[in-house]
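Heads up, the thing below is written out as structure tokens.
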Amino acid sequence: MHFGPHLLLAALEGLVTSAVLALTALGLSLVFGVMRIVNVAHGEFFMLGAVLAWAISTAISGHPAIGFAAALVIAPLLVGLVAFLAEWLVLRRLNYNPESTIVATIGMLYIIQQLALTFYGPEARPVEPPFSYRILLPWFGYSGYKLSVVAASAILLVITWLVLTRTKIGMIMRATQYDRETAQAFGIPVERVYAGVFAVGAMLAAIAAVLIVPISQAHYLMGQDPLLLSFIVVIIGGLGSLRGTVVAAVLIGLSDGIISMFFSPTLAKIIATLVVAMVLVFRPQGLFGTAPR
Amino acid sequence: MADKNGFFDLSKTTLSRRTALKGIAAGAGLALAPGFVRYSQAQSSAPIRIGFQSHRTGIGAAYGRWYEKTSAAAVKAINDAGGIAGRKVELVIEDDGTDPARGAEVVNKFAKQHKTDIVFGTLFSHVVIGSAPAAGENKIPYFVVSEGHHVASTKLNRYVFQPGITDVKSQIQSMAPWIAANAGKKVTQIFPDFAFGYDHRDYLPPALKAQGADVIAQIAIPPTESSFTKYFPQIPAETEVIYHVMVGPAVLTFVKELGEFYGSQRPQLFGFMDSLEATDINSPGLEFLDGSHFWEGSPRYAQPDDSAAQKAYRAAVGIDDNGAAVGDPKDVSTASHMFGCWETLYVVKKAMEDAGYKGPEDRAKLVEATEALKEFAEGPEHPQGPKTFNGKIHQCFGIQNISKVEGGKLKVVHKTKIEDGLYEPEGDYTTQAL
């Protein structure tokens with residue numbers, strides 16, 4: 001294959017990775033930013049979204065698009081509920097202590113993963129895409145669904161940005177993030193905000209998973225890679241910065257696609273991790289983060 | 001208050017932390033002490049205990065589940081017919097997480113704690129290679145169902161056997177003539193980047209060369225990869241056949257993305273069933289496979305010429321004519337490999353009875369009795385087909401199936417002969433000390 005088409009394919013693949021990564025990492029970044037909690041179980045909420053998407057889409061007969069649409073609405077809501085309960089049952093009891101919550105979310109990671117193995121099983125199961133249009137380029141074919149994932153993710157990111165910057169809920173969240181005590185003094189129900197943010201963070205991961213599951217199947221171990229990449233993105237982009245998260249996700253996704261196609265996937269991971277190390281050394285607050293006061 | 005003495009109030013009891021710790025330590029010591037496990041001195045009536053190293057979790061979990069089902073069915077059949085030398089057989093299952101380090105731990109646990117008679121059942125080649133030294137150190141016979149070439153390469157040790165499934169080198173050698181004659185002469189190989197994939201990488205090119213065909217590109221893919229399109233531009237345009245063998249949970253994505261990349265103008269495809277084990281070939285996105293060919297160890301779909309033994313085996317394991325669990329058509333089996341568990345357990349039975357095996361003290365005799373085996377006739381104990389066994393390299397040789405995807409099913413179009421897969425032994429385990 002010639003260089004041009006080769007690069008195009010690499011960029012397309014990178015964009016799909018970026019799109020899913022941006023949503024997942026945004027969820028992690030919100031929780032990280034507002035609650036100061038390192039949610040190690042974030043990848044498992046992603047996995048749970050995919051597994052539920054499979055369950056919902058197989059339960060509904062008819063055109064695959066109906067099942068997929070139902071999954072896109074119901075799966076994130078269920079995952080949000082699980083996260084809400086986890087927050088109420090576990091994190092709140094630990095007073096959101098940073099060290100304890102890391103250990104607690106590691107525990108949640110294993111519990112969710114093993115429950116999925118017990119009730120869903122070890123198989124990778126496919127979800128039918130809502131439509132299967134193959135875009136025929138002169139050099140190769142490409143999945144139309146993959147491109148629609150990029151579009152859907154972009155729309156969702158814009159919506160999240162609007163909610164955060166233009167609504168009262170967004171303002172309350174930002175106030176809590178900025179200074180918890182002052183926010184509480186102004187009558188903001190901080191605990192409720194925390195519960196909500198934790199649920200929304202998990203829902204973003206679940207939405208990303210529902211979008212990706214027609215491309216790569218639902219499997220109980222699928223949460224590991226997104227977790228690692230999300231941490232990389234959040235560290236590079238900066239804590240709680242939406243813009244930073246998106247820029248870093250596109251950067252990591254594209255470089256992963258292009259480097260792994262022209263060189264090797266391992267090199268792409270090495271470079272991403274190296275970038276994280278460099279960012280931590282020279283700009284610990286991330287590219288777009290604000291330095292702690 | 002009824003509880004006047006504070007009996008139920010833990011804060012008032014005299015149990016100090018130190019006492020509690022002592023108690024726990026003593027209990028743990030007792031549990032670990034030798035002789036704690038029952039039947040450490042095997043009696044003639046005690047059951048024969050087979051340690052089953054199972055991939056219950058990790059990337060091999062789908063295989064692990066079906067390996068357990070098949071082994072349980074074989075053990076039931078053996079016990080119903082009187083057991084091994086009149087003794088009942090019992091499986092002791094431990095999860096190895098499809099991980100080599102844990103695999104070695106599990107073998108140690110079987111040898112030292114459970115004191116099982118043998119260890120059995122491992123599939124993934126990296127786990128076999130990681131566990132084999134532990135089996136050798138403990139001098140416990142280790143019967144694997146892995147299909148890798150590592151056992152036959154004689155690079156492991158005298159305690160490792162593979163009598164129930166053929167190895168990759170033999171499989172490739174017997175199928176190469178068919179590939180060169182029917183699929184094409186310019187072959188691109190796609191394989192997983194670990195031991196099992198390397199067997200394919202190393203043995204296919206010479207086997208094809210002997211048939212006048214060439215491997216023009218080799219693409220290694222990490223076993224944990226979840227997206228594959230990025231590898232496809234490496235496939236040369238002049239490729240006539242794509243030879244694919246993939247493992248792990250993302251195999252379906254692999255085939256789907258290959259379909260999106262090529263559409264209907266694809267090269268010929270020849271795959272190892274490993275690429276689609278435990279996966280329904282009628283899954284969305286796999287229409288692309290129609291007309292392509294697969295290697296199968298034992299056919300997934302019932303064939304018109306199935307023997308009575310094959311039918312009985314399928315019924316005993318509980319798979320229907322489509323190779324899925326009876327009652328759950330979505331639960332597709334790993335039919336191509338799991339028959340090896342059934343056959344291996346019958347080889348163990350034969351060897352134990354030949355050796356007059358009484359207990360762990362007879363393990364060396366069991367090794368020698370297994371090495372003395374020569375052939376296994378097709379029948380209820382060996383439903384996949386007849387096999388020969390080479391005691392010097394601890395490896396069996398058998399027939400291979402080449403199946404075509406047709407109308408949403410796999411139809412066997414070619415069966416190789418045992419002789420097609422024979423090769424010069426690379427060493428001799430029997431020269432090693434026991």
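Cβ from N, Cα, C; glycine included.
Small disclaimer: the values here were computed from a predicted structure and weren't measured.
Features of the protein shown, as given by TrEMBL:
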TRANSMEM  A:6-33  transmembrane segment
TRANSMEM  A:45-62  transmembrane segment
TRANSMEM  A:68-90  transmembrane segment
TRANSMEM  A:102-122  transmembrane segment
TRANSMEM  A:142-164  transmembrane segment
TRANSMEM  A:193-215  transmembrane segment
TRANSMEM  A:227-254  transmembrane segment
TRANSMEM  A:266-283  transmembrane segment
Folded-back contacts onto the transmembrane segment (A:45-62), same chain, C-beta under 8 angstroms, at least six residues removed: 24, 27, 68, 70-72, 74-76, 78-79, 82-83, 112-113, 116, 120, 125-128, 201-202, 205-210, 212-213, 217-223, 226-227
Distant-in-sequence neighbours of the transmembrane segment (A:68-90), which means Cβ under 8 A and at least six residues beyond its ends: 41, 45, 48-49, 52-54, 56-57, 60, 104, 108, 112, 127-130, 194-195, 198-207, 209-211, 214
Recorded stretch that, among A:6-33, A:102-122, A:142-164, A:227-254, A:266-283, has the most CB pairs under 8 Å to the transmembrane segment (A:193-215): A:6-33
Residues of the parent chain within Cβ reach of the transmembrane segment (A:6-33), under 8 Å, 6 or more residues beyond its termini: 39, 42, 45-46, 137, 139-140, 142, 146-147, 149-150, 152-154, 156-157, 160, 173, 177, 197-198, 200-205, 207-209, 211-212, 215, 226, 229-231, 233-234, 237, 239-242, 244-246, 248-250, 252-258, 261-262
The transmembrane segment (A:142-164) versus listed stretches A:102-122, A:227-254, A:266-283: most Cβ pairs under 8 Å: A:227-254
Positions on the same chain near the transmembrane segment (A:102-122), where near means CB under 8 A and six or more residues out: 37-45, 47-48, 51, 54-55, 82, 86, 90-91, 94, 218, 220-221, 223
